[in-house]
Amino acid sequence: MCTGLEVIFDVSGKQQILFQIFPTSNSKLIHQSHFLLQKKKKMMSLEIPLKIASVAFALSLLSNSLLIYITVRCVKKVTGSYRRMIIQFSILAVIFPGLQIVVKPFSHNFKECMMFFSLNTSGGPGLQFSISVWVGLSTSIISLIAVQFVYRYLSFLDVEKARKFENLNTPLFWILYPFVPGSLYTASLYFLCQPDSYSDDYMINTIQENYSLNITNQSRFTILPFGVDGNLRWLNCSFIISATLLIFVHYVIIIFCGVKIYRYIKKELGKFSAKNMQLQQQFFCALVIQSLGPTVLLVFKVSIFLLFPLLAHFWNIDLSYQTGWFCSVAGLFPIVDSVAFMIIVSEYRLWIIKKFSSVFVTNHSSVSHSNGGVEIVGHVPVVL
């Protein structure tokens, strides 16, 4: 009978531990070894979303830097508010996945509770606040998309109001506006979802089993709308209401302006030349794709998980799920948005084709030297 930990090797060369050959006196060592193996496996699986976030940041930095460069240096005739919006969106699209690497956000839904925490073991109030800032940035991005829809809507349907975008003060207001709902979202999460003893007791075993982490050592927020005997926890309920309203209002604006723009384009297509028709379709498609990226990869999924504690309470749903895996793909939408924009809008696409062709193709005469042009819709400069 063996008196210690016996290790053998199978034909693949991998170590396998034979727990069954230990005497009873070594049961403590068996459990410790098993625990360490399980913890290692869990930590290795959690490295995957962190690697995805790192790749997303690198690609986002590359694609959005290219978009900013073309907008600032190469597309000279695209000026004013629209140019500022493109640059602002690209900057936020780099900051968002960059902060994600530092914060390492993850979430877990267990019955009536959702815990949003960091896999960064450094902890501290600064890290906790950074989590709320990262979440708030997503709201700022949605708000900026809504502003772009309003801008497009006014440029088509209300030229006088659209001119106000171009005066001295209004551009600054619209540049700063997206940070208002983002700050409100950040503040509501930070002040209304602080963990307490009840929420920690509710999640402590689940976090330990799934991540081998001590919940008290992690920077975290908990959303547990119901307490003992089904009593409402008003702080958490207030966050759910405020977060829902902030997102809902801006999507109402996006849908309203989007429908109006679509109907206007469809109605006026007969009055447009073929060139103008292509122009309107490009910018409308680019704007729609830009809104679909964060909607599909972030907002839609987070909204479901955010509302799940309410559904679990009323429908008696008993579910434990690592919803934080969806946080890892949240940083992908800036890549989708920037690449889609440069592909759809022809002036950007033609510049990229021209540059790549000059590098990889020896016969430069076969490359089109069309500059894409710019036309005026109302008073607003628009890229072909």
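Here the Cβ of each residue, glycine as well, is placed from N, Cα and C on the backbone.
TrEMBL annotations: computationally assigned, not manually curated.
The feature transmembrane segment is assigned by TrEMBL to 52-72 (among others).
The transmembrane segment annotation in TrEMBL covers 84-107 (among others).
Taking Cβ pairs closer than 8 Å, the transmembrane segment (127-151) reaches residues 81-82, 85, 88-89, 92-93, 95-96, 99-100, 102-103, 105, 116-118, 120, 162, 165, 174, 177-187, 189-190, 219-221, 246-247, 250-251, 253-254, 257-258, 261, 287, 290-291, 294, 298-299, 302, 330 in its own chain, all 6 or more past its ends. The transmembrane segment annotation in TrEMBL covers 127-151 (among others).
Feature annotation from TrEMBL assigns transmembrane segment to 172-192 (among others).
What TrEMBL lists as transmembrane segment is 239-262 (among others).
Taken from TrEMBL, the feature transmembrane segment covers 283-311 (among others).
Sequence-distant neighbours of the transmembrane segment (323-345) (same chain, 6+ residues past either end, Cβ-Cβ under 8 Å): 48-50, 52-53, 56-57, 59-60, 63-64, 66-67, 70, 86, 89-90, 93-94, 96-97, 100, 105-109, 114, 138, 282-283, 285-286, 289-290, 293-294, 296-298, 301-302, 305, 352, 383. Here TrEMBL flags 323-345 (among others) as transmembrane segment.
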